[in-house]
């Protein structure tokens, strides 16, 4: 199977997992990126089975609306049963690196609200140790140099992602060459740097379920 076929398979598996638990009042949290887009397309086939969605980015909101799925502001939603999103890396404990698409802050907020965080990914994203994929950090623009110096102290090689502004108007620094043996600790350390909005480690709040697309079919891992 191609990578696109694996993404479509896990997206459909996520729809199959949540659909029996949805009703006409349900609102679904939706992530950002190519795998999340596959989920949106699959979910749209059942748009009469739930109320609407909360989007983690402007791009996701536009895709949902394009399918005729109502999009709600998170502040107006009191109950979010599911959040479904992809990942750039996952370890066996379902700690994740996310943010390749620069939507990490809103993704992390929606994930924090959701009762169940379902991560969907192809098999290449499962790794023994996080960090081969550079860790994105969302930063207030005036703090860029300060944050970069602090990230060097933590052992990383920070690189400014040129030409990218987040939906929140901030910049992204990608941190290379981190061996992330304690994701929760590193997530806390980086978030404590003045000027950091948040970083792409989802470890304090990891995924609850990982649906992994493999050549043998979709495998389910739980934290």
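FYI, residue positions are counted from 1 along the chain as it appears here.
Cβ coordinates are placed from backbone N, Cα and C, and glycine is handled just like the others.
Swiss-Prot names 32, 33, 34, 35, 85, 86, 87, 88, 98, 99, 100, 101 as substrate ligands; from the candidate set 65, 125, 153, 219, the record adds 125 to that same site. In the three-state DSSP assignment, the secondary structure recorded for residue 85 (substrate binding site) is strand.
When the binding-site residues 32, 34, 85, 98, 100 are screened for a C-alpha within 10 angstroms of the C-alpha of residue 107 (active site, proton acceptor), the residues that qualify, in sequence order, are 32, 85, 98. The substrate site is defined by 32, 33, 34, 35, 85, 86, 87, 88, 98, 99, 100, 101, 125, and by the 8 Å test on Cβ atoms against their centroid, the other residues of the chain that qualify are 31, 36, 121. In sequence order, 96, 97, 98, 119, 121, 125, 202, 207 are the residues of the chain that are 6 or more apart from residue 87 (substrate binding site) and have a CB within less than 8 Å of its CB. For residue 34 (substrate binding site), other Cβ atoms within 10 Å of its Cβ number 13. In this structure, residue 98 (substrate binding site) belongs to neither helix nor strand by DSSP; it is coil.
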